[in-house]
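Pulled from TrEMBL, these are the features on record:
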| type | residues | note |
| --- | --- | --- |
| TRANSMEM | 258-287 | transmembrane segment |
| DOMAIN | 265-385 | domain 'ABC3 transporter permease C-terminal' |
| TRANSMEM | 314-334 | transmembrane segment |
| TRANSMEM | 354-374 | transmembrane segment |
| TRANSMEM | 407-425 | transmembrane segment |
| TRANSMEM | 431-453 | transmembrane segment |
| TRANSMEM | 486-505 | transmembrane segment |
| TRANSMEM | 713-736 | transmembrane segment |
| DOMAIN | 721-832 | domain 'ABC3 transporter permease C-terminal' |
| TRANSMEM | 767-793 | transmembrane segment |
| TRANSMEM | 799-820 | transmembrane segment |
Amino acid sequence: MLDLALKLARSRVLALLAVAFAVFGGAALVTATGVLAESGLRSHVAPGRLAGADVLVAAAGVKQVEEDLDAALPERARVPAALLDDLARLPGVTAAVGDLSFPAALVTGDGQVAATPDPQAAGHGWSSAQLSEGAVSGAAPAGDDEVGVGSAVAAAAGIGTGDSVEVVAAGQAATYRVAAVVDAPGLYFVDSTAAGLAAVAGGAGAGTVDLIGLRTESGIADAVATAARDLLPTGLTVATGDDRGDVEEPGAAAARPLLLVLSGSLSGIVLLVVGFAVAGALGVAIAGQRRELALLRAVGATPRQVRRLVDRQALAVAAVATVPGVALGLLLAGRLRRLLVDGGMLPAALPLSVSPLPALAAVLLMAAVVSLSARAAAWRTSRLPATEAVTESRTEPRTPSRLRTSAGGLLVVAATVLAVTPLWVRNELGAGVVPLAGLLGAIGFALAAPALLQTAGDALAHRLPARLSPTSWLAVANLRGATLRMAGIVASLAMVVVFALTYTLSTTTLLTAGSRDVQAGTLAQHRVTAGALGGVPGDLRADVQAVPGVLAAAPTAGTTVLWPYTELGEPTVESATATVLDPSAAGVLDLGVRAGDLADLTGATVAVGADVARSRDADVGRNVDLVLGDGTPVSARVVAVYDRALGFGPVVLSADLAAGHTTSGLAQQLLVRTDGSPAADGALAALVADRPGLALTAATPPGTTLADAPAEVWLNLATITVLLGYLLLSITNELVAGTAQRRGELAVLRLTGTTPQQVRSMMRREAAVVAVVALGSGLLLSVVPLVALGVGFLGRPWAAGPVWLLPAVVLTVVAVAFLTTELPTRRELRAEPASALSHAG
């Protein structure tokens, strides 16, 4: 059977090359998605500053969720310092050290801030130096005015032991003497000084540390870890080996769920696009073999044998293409990670986790898709009686399958119903439904297209004017006589239109709506940040408010909360970004409050977006249960409901509620509203320029163009480009192979007197009909989702996006339709008609 399958394959090389390319690209996309998913589950941050510790004890960095993946906690919870003595007494422990981290930065002699890997956690107690593997030059700091400096910072600042330096720690500037240079990142203070600075920064308070590091005798770290687990209370975790990096860098480890979310969002569209491309390529390839398959039926082959033959032929082609596709997928996963790192969405310290599992999953999935598609494509021919199969092998069925047409119609209706979701759900979920509805509609159209085109062709044929040229008449006749072939081409190109428009415009519309919220809701003109210092110094607000012409100044920060709620009777936990504000925020921000007052953001209170309030019964005055970013469960009272959640997030926490529950308690920015006078702006700029590490920028983004888009938008567009490129190349290969399979038809036309020029004219008219119908169908399928998106998010019946997108899509579809018809036709016309007819066979 396999030998016969390979012989058949040699006679249809071009068509099977289209199948091979679809499988090659599909395997690459599936492998890349699988690597991201595996990394989200298994990747670990390598131990860094605390690599010298054999065992680390810290608060659990995840929140367990019933019947779901555990939720990552990006903020660090603290550990009772009283555990130090108990852990130090464990057998085999040679040292037990409580580690503290807080914002710190060193100012160089020219007033610049020396770069550190993480300014928010660059300050530590001197005891932590015991947990590093680096050498120490000098002596331990002996007083509150002495500091140990990391070797990289010392080299950048050009300083050494004995020098006096300015350090901004926990937002407080002071002069220190360099007592030691440590071959480890950060700045190291006397332990008592570090404890005080950590408390000032809103980190570890009295009686707590960030984590505990244990050094053990050689080879017994796992035994010590086991003993520590038996000793410790619940809520704490013990890490050894590769797990130590996750404990040391909870923020980096918490980025793993992003990879799961990304791979999850990609997996659905990747499977749909890959399935569509592979099924289309196999449909073209097997349609060209209908005569051979019919003859096999005529000589006694059973339907099952015919389908098995087609299946093995397709799997043989897939086997050749899958291996290089998997290799490309591994490279593609690396490029996606680099894009995430460059965009600031993934820490550079978090590597990809690569094992044979994604490759194996890609092989099995592609084999299943190819086998299912091949058997489906051969189903009708294999089930026909032998004589009818031979008769039909030269013509298409006159009546498209009613079941197929009905299924397609139902999918289009379902897609239309789904497409109106943005009218009621004005958030990322509502925008994400738009491309899904578009693709569902495109698949439904692909199923119903033969019947629709047959009806359209019959209607067009009855209305053709008598003066129509023979080549135009032939083009219309081909449309009526080959509706299955034409439907496949039209549906593929319509998919390109729908995919490009819905995916791109849903991304840009969400960007525009969010930017509009920020623009309308930001009353402040200026933003002061201090990223190089690890956060805005606490005394800066008072200094800014003292500037003549400053009307209001308010600090803001960001964190993450978990919101447990019940959905359809099942417990669910959703992770959401949260803005941290105090009552003064009302002077610099207008969130579009529809109920309540931001001035009431004191104590255990929150404000929530209107969509969230409606869906979770969180009106003003109600209490909601939340889990803060460090895992602390709280009950908070809703004091305001606001409309501009796309720009400011679905949840706002009061500064009082968030205090002590973030890795760094310093604000991330200070929003400043002035009277707009040049004098006030100049005085503010002078104040900022006089303090190292501060930066003054406009409070609102400059615009909503793609150049101003955040990194996640560029990631979405890059993903769209890759998938669209794969889809276009797959369709191009299918169309080239489909045109080449018409060799016999073109030869017959020439033998009956049709000139090569007339043949080319006929094919061009067919291409024009295909392009027009594909564009019209794709635009019709995109209209309802995009109109609903525009009305729901922007209050107008059109989506936001680049003006060049639609012309580019139109030109691409027209170019593909004409080039994939014109070039193969010219090649076939170079051969003599009789020779071409004999080879068509």
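Glycine residues also receive a Cβ, built from the backbone N, Cα and C atoms like all the rest.
TrEMBL entries are annotated by machine, without manual review.
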Do any residues, 6 or more residues outside the transmembrane segment (486-505), come within under 8 Å Cβ-to-Cβ of it, and if so which ones?
273, 276, 280, 283-284, 434-435, 437-439, 441-443, 445-446, 449-450, 452-453, 478-479, 716-717, 720, 723-724, 727-728, 731, 734-735, 738, 766, 770-771, 773-775, 777-779, 781-782, 785-786, 789, 799-802, 805-806, 809, 812-813, 816-817
When each of 314-334, 354-374, 431-453 is checked against the transmembrane segment (258-287) for Cβ pairs under 8 Å, which one has the most?
354-374
Three or more CB pairs closer than 8 Å, sequence separation of 6 or more: does that hold for the transmembrane segment (354-374) against the transmembrane segment (431-453)?
no
Which numbers of helix, strand and coil residues does DSSP report for the domain 'ABC3 transporter permease C-terminal' (721-832)?
93 helix, 0 strand, 19 coil
Could you please provide the mean pLDDT value for the domain 'ABC3 transporter permease C-terminal' (265-385)?
82
